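K.L.:
Quick one: structure below, then a few questions.
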């Protein structure tokens, strides 16, 4: 055997590891190495859950306003429905008597305000649902629709009754209608109070509509 060839290493005997090492020395990527693992960032903060805090406050305000609207609507209906006056000077055959059901408009006033108050009472469970679930859209939208109908009903009844009350107080020279409130003072005062309370119910309903609109607004 030639001693000069002892230091020679055959090319076929070169291991793949040595070739990879030589490639690394030249700045090239290693063939068999796996890519470094991606860094994962773990957040320790808990994701905030949607609680709808301000909407819950609006729902509580809605419930309070609804109670006020119920009291005003039912109060207006009761005031008008119990309003009557008999003048003290009368005989057995002649009486001067004024009663709410003598006027068809006042009958309509009593019925419409009572209906509005009844619908408002029926809407209380939905208002409670909106307090428990302030993010629910369905109950809130249904409340908005019913409040719009009730507002239109109450305003129509109060406006029609206000026209009759005005004629009762001032009369009409063109139609030769005399003012009766100079004689039936208590009756006219009762009708005026009922009309004012009915308009208060309408104001409550307007506030309820604004509250429902704000509650339906997305944040």
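The backbone N, Cα and C atoms fix where each Cβ goes, glycine too.
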K.L.:
Looking only at what Swiss-Prot records, is residue 170 on the same membrane side as residue 53?
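P.N.:
Checking Swiss-Prot: the two residues are separated by the membrane.
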K.L.:
What range among 148-168, 169-189 does Swiss-Prot describe as transmembrane segment?
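P.N.:
Matching range for transmembrane segment: 148-168.
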K.L.:
Quick check on the topological domain 'Extracellular' (169-193): DSSP residue counts for helix, strand, coil, in that order please.
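P.N.:
Counting residues by DSSP class gives 11 helix, 2 strand, 12 coil.
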K.L.:
Within 10 angstroms of the C-beta of residue 170 (N-linked glycosylation site), what count of other C-beta atoms is obtained when all protein chains are considered?
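P.N.:
Here the count is 12.
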K.L.:
Pull the DSSP breakdown for the topological domain 'Cytoplasmic' (130-147) and write it out as helix, strand, coil residue counts.
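P.N.:
Split into helix, strand and coil, the topological domain 'Cytoplasmic' (130-147) gives 13 helix, 0 strand, 5 coil.
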K.L.:
For the topological domain 'Extracellular' (169-193), give me same-chain residues lying six or more residues beyond its boundaries with a C-beta closer than 8 angstroms to one of its C-beta atoms, as numbers and ranges.
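P.N.:
Cβ under 8 Å, 6 or more out: 79-80, 82-85, 87, 96, 98-100, 106, 161.
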